[in-house]
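Trainee: Can you read through this structure? Questions will come right after.
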Amino acid sequence: LLILFSILVLNGGVVESSSNYLIGIGSYDITGPAADVNMMGYANAEQIASGIHFRLRARTFIVAEPSGNRILFVNLDACMASQLVTIKVLQKLKARYGNVYTKDNVAISGIHTHAGPAGYLQYVVYLITSLGFVRQSFDALVNGIEQSVIQAHKNLRPGSIYVDKGELLDAGVNRSPSAYLNNPVSERKKYEYNVDTDMTLLKFVDDEWGPVGSFSWFATHGTSMSRTNSLISGDNKGAAARFMEDWFDASSHGGMSYKINETATVPRGISDINTNARDKHYELLELAAGFESLTGKSSTRSARRLRRSNPNQGDRPKFVSAFCQSNCGDVSPNVLGAFCIDTGLPCDFNHSTCGGLNELCYGRGPGSDEFESTRIIGERQFKKAAELFNSASENLNGSLDYRHAYVDFSKLNVTILRDGGHTDVVRTCPAAMGFAFAAGTTDGPGAFDFTQGDDKGNAFWRLIRDLLKTPSKEQQDCHHPKPILLDTGEMKEPYDWAPSILPVQILKIGQLVLLCVPG
């Protein structure tokens, strides 16, 4: 999972617009198989796709110096990025553009929706519930990414990038607050909240056409749609992207300035299909059939809309807005908290159980059902992004740069500062999943008798574990106090169960730095 942290070095003043860069934006469909395929995220073998809530897209921006470096960033309406997908995309880009786009300057990230097709990663643990590799899922991602990059490359024109940052308080809560309290008091005092509430937005402005896109980063899970949902969906971030693109399109073509207020409603076509979905199944099917697929079409405005605006803007790229994922670790969009579905009472604070069972404890979103919750959390992100879009005035200036490295996380030396001021050097070890992992989270509880926070394990599941792989004493000591349920980092049959060598990447646009890290 490629998670993006944006670090903005504020320069204390507003810089006037100047075209330091070439900018290009692209967007393309990556929906993939919408029926009879397992969905990626909840690791629920029974979650099989049976239709589409709304389609998925790859959204791309390219920033280039006129005669120097360039960087390419792709945001996927998918659970996560995939090294296998990235390798194949880079092969296609090399065949088309030579060495212009490489592993060093190309970053691909997923929004972490749990409602997209599975089967496109190359490690066993990610392919168990999908019963292996799914070629259709893989091809849809690779082809969609390539096409979105082609659009962005063709659209490269002189332009400017503006940045702004703001606080969004009602789109994410900590789903493991008791775990957070185990952090030292000195650590917790550094932050006002137990989740990251900052949204950072980039506004892309073409010198001739004006605004052509926005990419924002904010931390909240793509789990407004539940583990029993069977409709392909971009969840709250995918919805936010649709809302913002429709809002800009309606505003610009209606002759209005780009305005939004607290009473504004999201554009029709998405909000209408989110509420009371189970009661309107056939109406939804009919409505969905009326949406025109954009697959295979260039990202330009239609002739019908052009006739209502400036007839000379036929080559202007369609506005693209991406809502990217950030440090979403334990940040849940189910903002009302976790409750027992049998009693309606809050779940156990420390273990997220109901009467000792994790299966009954679910996070509760702000809506009456998962469709409305998806709309509401998406709308909240959209409104904050629109606000930042309108207020963005700091111009990114300075050089483009990038760094990329593959790091073996299974054998890193780490220096730890101990009490008293002395230091110890410790070493990481191969990955392993603990008993608590199998309990899932309040966004998607696990099964059987597993519980969150379990540091003991039990004999029965150890017996089952040992049939697959018995962890060595060294491995158990390294992971202590976590009891090992699956020794994934050392399981190699029929091939690697989990990665150990992972990419770490830095992209720099003037005073903005994006840290791309596996999490």
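Here the Cβ of each residue, glycine as well, is placed from N, Cα and C on the backbone.
These came from TrEMBL, pasted as-is:
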SIGNAL    1-17  signal peptide
DOMAIN    21-519  domain 'Neutral/alkaline non-lysosomal ceramidase N-terminal'
BINDING   His112, His221  Zn(2+) binding site
ACT_SITE  Ser332  active site, nucleophile
Trainee: Taking the Cβ of His221 (Zn(2+) binding site) as reference, which residues of that chain separated by at least 6 in sequence fall under 8 Å from it?
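Mentor: Within the chain, His221 (Zn(2+) binding site) has Cβ neighbours under 8 Å at His112, His114, Gly172, Arg175, Cys328, Val331, Ser332, Pro333, Asp443.
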Trainee: Test of understanding: give the count of other CB atoms lying within 10 angstroms of the CB of Ser332 (active site, nucleophile).
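Mentor: Its Cβ has 26 other Cβ atoms within 10 Å.
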Trainee: Using all protein chains in view, find how many other C-beta atoms are within 10 Å of the C-beta of His112 (Zn(2+) binding site).
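Mentor: Within a 10 Å radius of the Cβ of His112 (Zn(2+) binding site) lie 27 other Cβ atoms.
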